[in-house]
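Read through the structure below, which is laid out as structure tokens, and then see the notes.
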């Protein structure tokens, strides 16, 4: 058995590209996927639907969780957020006692309003120190083309986080170590909501000043929520905060951005959802984020305006004006209201 | 004499558009410009070279500093950074005792390595509380078209800053109040250096992940320098930090970005400077910023790599790889080294 065995759960775009990174960093990599056809494809060195022409040679795939997880000292979870709890419960029996679990998933669980690392800790019944989050400006298609990319490995155990970072470091993928898991989780979720709002402004033909304003005030909302949940405000200056936010808001490929863009151009919500061909994560998580914010007394006017548009309570122009014309306040993360 | 009299010193793009904002906010506005032809043009309601078709009706212009400054309780300085000291010394005799002075200028003075509000305080011999900085994602062409725009009015006297903000608040221009002048000044200068680096990466056909990485690590450098100079790290999360940086790095109109872009495409430094048709502020300020950083023991690897390219010591690809391949460190503003 290899001393550097990594298991990646999920054969979508991010799972496949993360497997590539791990392979290139010198690990022995197994991908678990649910569908046998996908497993066969990966074992034949391709995964066309998700990574196009990029070859997955040297990466093994299996439909057996036991086969994938047993023996791996690094288990990366890249399944849809709604499946994380079920998946974790299913692989828990095969997890090595010393293995680190990496969450590549962004989301808030419906009902519990828990972030993904908390769901993993809960479902695995393991120490929180063993569960880490990977987050940053990580468009998988660019990583697959070896474009220089930075990320954050956030874990409460600094030694473990440093070790995990060294296991996934390649010439094109540069992990920074962080200790603020909550900050990374909040950043990964709220960015999608802000990307919808930035998309809407772009669809309304507003310019760079407005875009930058929304990104900036959106980051402030993200930081306020994070700080209320126990994150450090500095995290939001980093790759998992601002970095990921800027990338998501710059990518026309982002489903959240294009969904907002269509709303800004005048489509109604159901037309825009239909045109999006897939889950718009920001639209799914927005009510959960607002529920958390409400519980903590955190003001999130951009998220609230976005939700009001999603609920059909206001049109997108009215919502934008409401954000822009709210009372003037001080700048910065500690501002009391916006 | 009007109770709301504003004087704007400088009839370039930002000065002219700031005069428009002040007019629309209900002030009686006088612009001072050096050249008589420009003054005549503004008095005829236009300033074609700087604001195109936008009308300047109701704004008065003069070549007399005494005429412009006397009686104004708000004096906005929008002359080139190299002329600020001389201009301030010339208008000091006409400045009302209670007037607030607003710096719209970004830059570091050669020799003294002082930021512009310090130059103004020094040259005017006035209390630092009377000198404020205005900074944010404020592309003047977009403001002239009434695109929703936010800015920061930073002053050490909160009451004065709040009052100034209320005097320049319009439906399309939204000032936030800040107390961190140093942070606003550092942000306004370092953003141009980062924009050159982002432009270079874009010229080398690197993607959104890399762009976001450089913006992010550039912001970290900016914040480290700022904190060493006495700024608060939170300021860099705001419109005068991140906000201005994102706008500058997103604008293909930015001379700093296009200069870097040309270097990335393979032009040498003198070709790229020649093609830039005007001052590349980032190239001018980079050695001053590095001198300040050196004095304070602050590490600024992106600025240093940029300067090494400007000095012809390394080519742009080597410089980019050096930034990307430096030792792995922790994420966030308090990282010791990058």
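Yeah, the Cβs are placed from backbone N, Cα and C, and that goes for glycine too.
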Kindly point out which candidate in B:106, B:205 is recorded by TrEMBL as part of the sn-glycerol 3-phosphate site with B:136, B:191, B:244, B:254, B:255, B:256.
B:106
Using only what TrEMBL says about NADPH binding by B:14, B:34, B:35, B:106, B:140, B:255, B:281, identify which of B:50, B:163 is listed for that site too.
B:50
Given the binding-site residues B:34, B:50, B:191, B:254, B:256, which lie within 10 A of residue B:10 (NAD(+) binding site) by CA-CA distance?
B:34
Does DSSP put residue B:12 (NAD(+) binding site) in a helix, in a strand, or in coil?
coil
Site diameter for NADPH, Å, by largest Cα distance between B:14, B:34, B:35, B:50, B:106, B:140, B:255, B:281:
24
Return the count of C-beta atoms lying within 10 angstroms of the C-beta of residue B:14 (NAD(+) binding site), excluding that atom itself.
21
For residue B:50 (NADPH binding site), which of these binding-site residues sit within 10 Å, Cα to Cα: B:12, B:191, B:244?
B:12
Looking at the binding-site residues B:34, B:106, B:281, which has the shortest Cα distance to residue B:12 (NAD(+) binding site)?
B:34
Checking your reading of the structure: which of the binding-site residues B:13, B:15, B:191 lie inside a 10 Å Cα sphere centred on residue B:140 (NADPH binding site)?
B:13, B:15
Near residue B:281 (NADPH binding site), meaning Cα within 10 Å, which of B:11, B:13, B:15, B:136, B:255, B:256 (binding-site residues)?
B:255, B:256
Surrounding CB atoms that lie within 10 Å of the CB of residue B:140 (NADPH binding site), all protein chains:
22
